[in-house]
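Undergrad: Below are the features listed in TrEMBL for this protein:
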- 28-51: transmembrane segment (TRANSMEM)
- 39-402: domain 'Amino acid transporter transmembrane' (DOMAIN)
- 156-176: transmembrane segment (TRANSMEM)
- 196-220: transmembrane segment (TRANSMEM)
- 241-262: transmembrane segment (TRANSMEM)
- 282-304: transmembrane segment (TRANSMEM)
- 325-345: transmembrane segment (TRANSMEM)
- 351-371: transmembrane segment (TRANSMEM)
- 383-404: transmembrane segment (TRANSMEM)
Amino acid sequence: MVSASPPPKDSSSDAKWVEENQARHAKWWYSTFHCVTAMVGTAVLAIAWMITLNTMWQMIRLHECVPGTRFDRYYELGQHAFGPKLGPWIVLPQQLIVQVGCDIVYMAIGGQCLKKFVEMACTNCTSFRQSYWICIFGSIHFLLAQLPNFNSVSGVSLAAAVMSLSYSTIAWVGSLTHGQIDNVSYAYKKTSTVDYVFRVFNALGQISFAFAGNAVVLEIQATIPSTPEKPSRVPMWKGALASYFINAICYFPVALIGYWAFGQDVDDNVLIALKRPEWLIASANLMVVIHVIGSYQVYAMPVFDMLENMMVKRLNFPPGAVLRIITRSAYVAFTLFIGVTFPFFGDLLGFFGGFGFAPTSYFLPSIMWLIIKKPEKFSRSWLINWACIIIGISIMLVSTIGGLRNIVMDASTYRFYT
């Protein structure tokens, strides 16, 4: 008589300071709108869509690659692959760059779109500095940050996912209705060779930014119940596929039709270029605000958990509401300050996309798959993973350089806190 396998256990021996943070009763569609919320927001190429779908599949499979154990966090899987000491140093900095970087960019985007919405909805209202609007947007998160875990923000995330699909549809339909601008040009912008190369580098980073969902996929999967008969990878993969289908609907029409309408003059945010009908474009900007509110919380939640555990275990801070208010408010204040100081949307996308997003979404999952699964050399799996590694490292190097260079160039002429 064979006994049933024990239910999967957590890989971390650290007890969670709040039991509710371990809730595992999410449904597969929770993972769909969490992933949509985490990934929609900028332009993309098909190759990036395919590579990151493959690496997300790998992460989902590796979540329970050891029988009876669940790797609920990216760095826990890194510890299993690279060793208990080396793993966190390889994975954790990259994951934090993605999560904190996303939240900084979302602060800037939220403030910009909120400003645009108010200006279009109330033409006679007094105009405020963009930095003020970013602060107004950031103030919302001081409240939402007190929600305890992923399940508690599922409603916010669902609203964000719906908004992302809605404003993307408005963007491409609006561009199609707008038609081509006068003397539209699809040629490269006239600039120096050096500037052109660096801007291509930055664009590669922006593409990487579009698929940052891998950085939180294990944390999302951790909320789904799992048994030997019904492992969490099944509903999680169903949710991931649904999210990538929705992302494709959002991304590709905007990229293709937006470029058709505006050519080389297309803006980082297509909605900014659209002005008619005003009520619809104003509504779309408000939808972006709602979307990035949810996106901010999705990426911030794992950081909150890490900060609180660190405060309890290393600094002996008593767990409770005071700890949550202090740590989470401090994090929101930090991302708000950086977002107000450096609101360079496109440049931030390129820099963070290359420095942190390419590793976590393109090649770290492939490296861990090779180490853990050990596919036969020169097999299809082996070749695909090495292709992802080479492409990912190349994007990381060039886009980090391009994004940093553009930030420096823009900062030299930018008036801070305007």
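Placed from the backbone N, Cα and C atoms, the Cβ positions cover glycine too.
Heads up, TrEMBL stuff is auto-annotated, nobody curated it.
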Undergrad: With the transmembrane segment (282-304) as the reference, which stretch in 156-176, 196-220, 351-371, 383-404 has the largest tally of C-beta pairs below 8 Å?
TA: 156-176
Undergrad: Counting a contact as 3 or more Cβ pairs under 8 Å, with residues at least 6 apart in sequence, do the transmembrane segment (351-371) and the transmembrane segment (383-404) touch?
TA: yes
Undergrad: Compare 196-220, 241-262, 383-404 by their Cβ pairs under 8 Å to the transmembrane segment (156-176) and return the stretch that comes out on top.
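TA: Against the transmembrane segment (156-176), the leading stretch is 241-262.
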Undergrad: Using Cβ atoms and a strict cutoff of less than 8 Å, what residues sit near the transmembrane segment (383-404) while being 6 or more residues removed from its termini?
TA: 47, 51, 54-55, 197-208, 347-355, 358-359, 361-367, 369-370, 375
